[in-house]
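Notes for the one structure printed next.
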Amino acid sequence: MAAKLIKFDQEARNCILKGVNTLADAVKVTLGPKGRNVVIEKSYGAPLITKDGVTVAKEIELEDKFENMGAQLVKEVASKTSDVAGDGTTTATVLAQAIYRQGAKLVAAGHNPMEIKRGLDQAVEALVAELKNISKPIKDHKEIAQVGTISANNDKTIGDIIAEAMEKVGKEGVITVEEAKAMETTLETVEGMQFDRGYLSPYFVTDPERMEAAMDNVAILIHDKKIANMKDLLPVLEQTAKSGRPLLIIAEDIEGEALATLVVNKLRGVLNVCAVKAPGFGDRRKAMLEDIAILTGGKVISEEVGFKLENTTLDMLGQAKKITVDKDNTTIIDGFGAEADIQGRVKMIRAQIDETSSDYDREKLQERLAKLVGGVAVIKVGAATEIEMKEKKARVEDALHATRAAVDEGIVPGGGVAYLRAMKVLENLQLAPEQQFGVNVIKRALEEPIRQISQNAGVDGSIVVDKVKNGKDAFGYNAADDVYVDMIEAGIIDPTKVSRSALQNAASVAGLMMTTEAMIADKPKEEGAMPAMPGGMGGMGGMGGMM
């Protein structure tokens, strides 16, 4: 086992503080509307220019192992806040630095770190309750756009597009962010249920210009096995042909004789038909077929539940007002499923989302949920250069997360004002004298976000803090225009979830760092002397004539 380096007490805490300060000082310059850019060298390609706190934090690795531990702990604050709320990473970093810096001074002066941490925890609990208390639910399109605009570093276009996307697909809907081929940032929405499987043969196309099959008032056959044999499929084809309705077949696969017969019937005009593969794989495929069946009011024709393909009748088929199928996707619009059945299915998927511990499963379940309740919106991000594209895409994703957070838990005045307003709740806390130091640490730290926003805008932070503290409600400092305004009326708002998560995560990690008594790191290996050269090259004597 490799030898270790160990540091104790004040020496350990000082190393942590150096690391925390190095990382936080690099991150906090990006805070607020007048936040500065950070340029990051990349091992390949052009440098990355960003104003995103978590991106800056992720790039930082320090040479000193002990200082690096401090930096990595604060990095965890930024990452956790980003994961939970999607924004607030810089605020969380600023808070963590302020709490730890104040706390480390008190511990160095001989105060009990465990008691300080207890006071800290109780103060945070009271503050979180107060933030929820002053939170306002988000009501309309305009407020959603404001949250999106602020999280996208005051880019109004992005805010408006996110608000429009949420309006179209609902708060349960899936909104994805992709890179556009053009310069403009646009929004595309897909109504109804779409899955990523296209037609099995181009002969099914009804619109050669757009290369898609579009059919109205469609019957839908949903089968969970391969169809290769025509005789199994014949009875249902005959019934559908008699009814005169177009038919969409969704099955694990359709091949050989069955596919050839469908194509021939389509070309002869006997039957308007289209065949696609079932979406997903394994158990997820079964679940998605069941979703389609419920949405269209049909049944999954599966031998597992006693339905054979050859015995299928028209009443087992799903129905939809319209379907469109291109080479990659199938979209089912206005299925005939019963509303009560769809809501029951939605409830079941929501329960599974709450229970699952896998992020991948949760994402897939949310996609299924969105397909049942709303639809899917795609924000296509356009930019002039690749560097701008990456930066803009990251901002859109941030803004999207923050907007979802605002819809979840409401909004509070932005620009660090909410923390100053929530501070009054700390006056009522009756704690032991040592624990009261923890409360004082938090009080001082809560001023730090607004102080940093002001400093980044080139204004004296202390004057701004004092003026805003003496104001009421949403009165605060608009750093973008250098004026004092009602923050909510001016549209400077933060999602409650973001403010809450930033404070909780910062206090949690700062409290742990404060109560650290020892640090252990691997001892760096000493570089030995160069090994001797192989025989014949000793001293390279034979090359003397080259001097």
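Even glycines carry a Cβ here, placed using N, Cα and C.
Feature annotation from Swiss-Prot assigns ATP binding site to 30-33, K51, 87-91, G415, 478-480, D494. Annotation note: K51 (ATP binding site) sits in a coil segment as assigned by DSSP. Counting only residues at least six positions away in the same chain, the Cβ atoms of T30, G35, R36, N37, V38, N153, E391 sit under 8 Å from the Cβ of K51 (ATP binding site).
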According to DSSP, T30 (ATP binding site) sits in coil
When DSSP states are folded down to helix, strand and coil, where does G415 (ATP binding site) land? coil
Could you work out which of the binding-site residues (T30, T90) has its C-beta surrounded by the smallest number of other C-beta atoms within 10 A? T30
